[in-house]
Amino acid sequence: MPTWEELYKNAIEKAIKSVPKVKGVLLGYNTNIDAIKYLDSKDLEERIIKAGKEEVIKYSEELPDKINTVSQLLGSILWSIRRGKAAELFVESCPVRFYMKRWGWNELRMGGQAGIMANLLGGVYGVPVIVHVPQLSRLQANLFLDGPIYVPTLENGEVKLIHPKEFSGDEENCIHYIYEFPRGFRVFEFEAPRENRFIGSADDYNTTLFIREEFRESFSEVIKNVQLAILSGLQALTKENYKEPFEIVKSNLEVLNEREIPVHLEFAFTPDEKVREEILNVLGMFYSVGLNEVELASIMEILGEKKLAKELLAHDPVDPIAVTEAMLKLAKKTGVKRIHFHTYGYYLALTEYKGEHVRDALLFAALAAAAKAMKGNITSLEEIREATSVPVNEKATQVEEKLRAEYGIKEGIGEVEGYQIAFIPTKIVAKPKSTVGIGDTISSSAFIGEFSFTL
């Protein structure tokens, strides 16, 4: 039986040959500028005391729906630190946005799931991508890598694809403030169990899912050379503003479905319950969905599976049997053909179809994530090979044993109720340079990789 190390080596060689064969990926809808701040515990403690420690602690127990005060901002950051979990909230208040701006940042990077995936797939893997950018400022355009990355523009009613840097306008800056902390980061008596981040979105375009005219009026033309699509960005919507953007998303999905283009939804933490319900209602129009334990638990709550939702968040590592049960419920409820679950330490994929290529795509994705964590940025497909030196997560052995006992998993592949379940232990980078964009790297690499293995 091959070892995980052998399976990993085989998967990256396969991916290097096949990924560049993918001829076009559509990426929507959220692209922004990430202002990354590496937190300092003394500075954070001082800010918490100044804002009112008691009030801040209250918000670190339970997240607000959105941020309107400095104590809500600091409490939300503390919520993430205490759990080692990522979260993202909309910053509605201008004074809080100004506070964040004055607090500053250490670096500016490409942000938003579509933007991050565009740089990875187009700039690193060399796969042609068409990306939706709600506001294309000069600063935003310059954060795109060189390579086959395109934005559609309308010239005399005709759709023209250009690299973002060739765009002649200068629209608004959409900035998301990202507060990063390492494992063991201490604030008062609290300690982060693992590295992660909190995101405050100070942006009125991505947060309302503003969709450009080209994607509303000329969508069929925009996607004429596309083989796959990945959509994201629905997470910031609220019950007050979701209706209009959802209509546009549904009409885009109808066109993609008519052309039999597989579409992946990259789920993200969605605070609004009504929006989660609506996402669940349209999930059947997607071929695939990607999510983590917090996101899966939030969907189980909508399905009335409160006990299962609690179970998903109760253990570290996350209980794979609970995850599989939740994925089965989601697949049966929506008809989605592929569910990719990623958590710290292992990935699972539940698919209607069978084949080792599903597992191999997860292995490729885990290597891409490890390479990104190790280096901060990947510059080529070949560079991902270097991550084969990162050790496989030992804690995942107990996960694998549970899956073997329950579903007879062998070499990472098993069967459950007519579906295939694929499992892989990930590679853990002890001191990652950054955690931003790792989830997007995992999901897009797995989806594109799996498709490329069938070409």
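Even glycines carry a Cβ here, placed using N, Cα and C.
According to its DSSP assignment, D440 (active site, proton acceptor) is helical. Feature annotation from Swiss-Prot assigns active site, proton acceptor to D440; the stated evidence is sequence analysis.
DSSP classifies Q113 (D-glucose binding site) as helix under the three-state reduction. Swiss-Prot lists D34, E88, G112, Q113, H176, D440 with the feature D-glucose binding site.
Listed in sequence order, A370, A373, M374, V390 are the same-chain residues six or more apart from V429 (ADP binding site) with CB atoms under 8 A from its CB. Among the features that Swiss-Prot reports, ADP binding site is placed at E195, N292, H342, T343, V429, G439, with the record citing experimental evidence.
All chains included, 22 other C-beta atoms sit within 10 angstroms of the C-beta of E295 (Mg(2+) binding site). A helical conformation is recorded for E295 (Mg(2+) binding site) in the three-state DSSP classification. Swiss-Prot lists E266, E295, D440 with the feature Mg(2+) binding site.
What Swiss-Prot records for 2-455 is domain 'ADPK'.
E88 (D-glucose binding site) sits 12 Å from E295 (Mg(2+) binding site), taking the Cα positions as reference. Residue pair G439 (ADP binding site) / Q113 (D-glucose binding site) shows a Cα separation of 9 Å. In this structure the C-alpha atoms belonging to H342 (ADP binding site) and D440 (active site, proton acceptor) are separated by 11 Å. Using a 10 Å Cα-Cα cut-off around E266 (Mg(2+) binding site), the binding-site residues G112, Q113, H176, E195 reduce to Q113. For the binding-site residues Q113, N292, T343, the ranking by surrounding Cβ atoms (within 10 Å, all protein chains) places Q113 first.
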